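In Swiss-Prot this protein carries:
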- 207: active site (ACT_SITE)
- 281: active site (ACT_SITE)
- 195, 200, 218, 279: Mn(2+) 2 binding site (BINDING)
- 200, 277, 279: Mn(2+) 1 binding site (BINDING)
């Protein structure tokens with residue numbers, strides 16, 4: 001490894017030779033980042049991306065002004081899926097260094113897991129990786145159950161089984177119980193439900209190549225809620241939380257589900273499949289039924305669910321949906337504290353009725369008459385949350401993954417949302 005390039009911070013503008021808008025300058029001692037007080041964390045992240053683009057793979061964050069948030073902003077921009085990078089961190093107090101180390105361990109796990117090729121990360125591997133991460137931070141305070149294949153059908157998990165049966169890799173439900181109280185009768189404070197589609201071809205409603213080439217990332221919701229629980233534990237979470245990951249491939253085969261199929265769920269709802277590429281909501285429904293059965297104060301589901309959310313928000317914000325205004329406000333406050341981007345989109349009672357079917361209670365996708373795709377998807381999920389008007393948040397993870405690099409991010413997963421959900425759990 002080469003000698004480290006020193007990176008320092010300054011509140012003074014760059015020398016005029018670098019231009020009036022320069023955010024960094026190069027000198028004999030290394031590189032100086034010039035903070036202007038407007039968006040210092042964003043400036044640091046963008047500068048780190050540029051430094052990586054120069055081919056500098058070994059840096060030392062040096063001098064005054066560095067704290068955990070600024071170090072983390074640098075790493076968010078500096079990290080990329082290819083190559084090895086080394087950062088020598090500045091001296092931080094014990095609490096800040098622990099916070100930074102926990103972010104590096106857990107949020108990097110989220111990014112690396114989402115970036116993993118689908119060939120090496122199937123449903124079973126995703127579930128086991130989640131167990132390993134949570135067990136690493138929680139020890140014996142965790143128990144779990146993995147249900148897969150035909151056992152899912154026999155136990156009534158018909159959405160997950162239906163979507164996943166077309167793959168040679170069995171669908172999997174992970175039910176994990178973090179119980180720091182040690183009391184088996186302790187109430188469940190929160191349930192987290194994640195969409196874990198480890199590859200999404202679209203099924204018989206097959207995607208075009210341009211929309212399929214990033215579908216290894218369709219398990220981003222599952223990775224995000226797993227990381228959020230792990231991170232909340234490192235921040236002292238002392239309440240019982242259950243995690244449900246609904247993991248499957250959505251592939252084409254002679255055994256794959258078809259348009260016109262009808263799925264009957266354990267809560268009695270019948271759903272007609274009119275688009276096999278709207279599979280995420282079908283698997284999440286099973287997890288939400290289980291979550292509701294725990295009678296928690298809070299249910300949060302996270303999923304890379306709709307293209308409509310990305311159309312509205314790009315990859316810059318996660319989309320938030322809820323009937324509970326106070327709870328949505330708490331989540332947005334947590335996002336502001338953690339400097340993570342969330343934006344609330346509409347969800348009203350009428351969205352629940354915009355999925356009509358001639359053969360079942362619900363259709364799994366909206367029609368031309370009801371084009372608000374992200375809102376109708378959230379409305380669909382609400383049919384599987386027992387008390388959907390209170391205590392439920394749906395996150396459509398539009399900021400989880402970038403197909404191409406931008407000025408502040410490399411291509412690939414971002415890890416955004418982990419800290420916000422953890423903040424809400426520990427508030």
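Quick reminder: no glycine exception, Cβ is built from N, Cα and C everywhere.
DSSP assigns residue 195 (Mn(2+) 2 binding site) to a strand segment in the three-state reduction.
Closest by Cα distance to residue 195 (Mn(2+) 2 binding site), from the recorded positions 207, 277, 281, is 281. Listed recorded positions near residue 207 (active site): none (candidates 218, 279, 281; Cα-Cα distance within 10 Å). Taking Cβ-Cβ distances under 8 Å and a sequence gap of 6 or more within the same chain, the neighbours of residue 279 (Mn(2+) 2 binding site) are 163, 197, 200, 203, 248, 250. Taking the Cα atom of each, residue 277 (Mn(2+) 1 binding site) and residue 218 (Mn(2+) 2 binding site) are about 12 angstrom apart.
In sequence order, 163, 197, 215, 219, 248, 250, 280, 283, 303, 304 are the same-chain residues whose CB sits within 8 A of the CB centroid of 195, 200, 218, 279, the residues recorded for Mn(2+) 2 being left out.
Listed in sequence order, the residues of the same chain lying 6 or more apart from residue 218 (Mn(2+) 2 binding site) and placing their CB within less than 8 Å of its CB are 195, 197, 198, 199, 200, 250, 280, 304.
When secondary structure is read from DSSP and collapsed to three states, residue 200 (Mn(2+) 2 binding site) falls in the strand class.
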